[in-house]
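Below: one structure, written as structure tokens.
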Amino acid sequence: MSEEQKTISISELESMNIKQLYEIAKSLGIPRYTSMRKRDLIFAILKAQTESTGYFFGEGVLEIHPEGFGFLRRIEDNLLPSNDDIYISPSQIRKFNLNTGDIISGVIRKPKEGEKYFAMIKIEAINYRPVEAVNDRVNFDNLTPDYPRERFILETDPKIYSTRLIDLFAPIGKGQRGMIVAPPKAGKTTILKEIANGIAENHPDTIRIILLIDERPEEVTDIRESTNAIVIAAPFDMPPDKQVKVAELTLEMAKRLVEFNYDVVILLDSLTRLARVYNIVVPPSGKLLTGGVDPAALYKPKRFFGAARNTREGGSLTIIATALVETGSKMDEVIFEEFKGTGNMELVLSRQLANKRIFPAINLLLSGTRREELLLDEETLKKVWLLRRMLSAMTEEEGLTLILNKLSETSSNEEFLKLIDKEKARY
């Protein structure tokens, strides 16, 4: 490789077209470069360039310590401290105005004698952008929140009915704060996976994060293997203080990405368990709600859920979180009541439908999105309202079965809505 190629910066790579990037990738011997998206290809080139000079290329999520230095935590290690962490010096943090949660990529060196960690010697990119972009960022708390105005299209395979139903009855916009109200065994995890894959297929530039709190380890493996998303997990066998750390660093990472104008989606399973974990970790305030919930423990989960917003200045943070109901636990009931009404979209799952093995077990009448008129065009909106009026005259089971039968006869929601025109006269 020529000396000139060794010094290509991320800014220069971003300004190149895909054909030029392919030529560089070919000369560097990068495998399967034609199947990569542009951003992934740029980072593969940076990595290959760095390694050809005898150094390493490293990346991680920055956690700054009170003493002023920081470490890059690996997503593969669920953002927890490990021996593979990369040291960032206080001077680098000050020079580039870095914050906890920034994703840092750059040239790293091996630990010297007496050192324990790899160290960053040159920062190449901050949040997948050239380092100069840090000067244009607006702090997350100073961004103006707005209603979601641009819809995520989730519909993919005609046979995946859950995403088709969500698109019609509870559309998700960029910046939505959504809650999936789920009794046990109603299929919430399957719906989360289908939402993640729907966004991945139709909106590939969106950064998708699935955050699993207090879940079973085998479920974590299943979600990792079946979704196209970043999966960060704090399973039930992890100490509560570490689970809290994972959740907080994940939120900081998402906020930093929004500051850089990315559309970020966090799928949280589950908000109830996150609140339970905080209830263990937070120092007692001396007051107790029914079920043993400390009111002080609910502040941080509310802060997490409340971070979801569309912003007028650019990026958006969408959070779709599951809330557990009908578990037999008074604590879960209190947590759900505290969060009820804080979201602007609700998807309600039904235990009765799930018991009869009618999936997706969605209660269509109780599910919906606030200000859906900002997300759906007028024609679609009228037809969805007509469907709701039809469903109100039927039982929960009859309504869902009718809609699922009609969806199975059509290959897309567009075709399904045209079918309504033909049958309108009958109702």
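Using the three backbone atoms N, Cα and C, a Cβ is placed for every residue, glycine included.
Per Swiss-Prot, the feature ATP binding site maps to Gly173, Lys174, Gly175, Gln176, Arg177, Gly178, Lys185, Ala186, Gly187, Lys188, Thr189, Thr190, Arg216. For Arg177 (ATP binding site), the same-chain residues 6+ apart in sequence whose C-beta sits under 8 angstroms from its C-beta are Phe305, Gly306, Ala308, Arg309, Thr318, Ile319, Thr342, Gly343, Asn344, Met345.
The average pLDDT computed over the domain 'Rho RNA-BD' (55-130) stands at 94. The domain 'Rho RNA-BD' annotation in Swiss-Prot covers 55-130 and is backed by sequence analysis.
Ranking the binding-site residues Gly175, Lys185, Gly187, Arg216 by the number of CB atoms within 10 A of their own CB puts Gly175 at the top. Taking every pair among Gly173, Lys174, Gly175, Gln176, Arg177, Gly178, Lys185, Ala186, Gly187, Lys188, Thr189, Thr190, Arg216, the residues listed as contacting ATP, the largest Cα to Cα separation comes to 30 Å.
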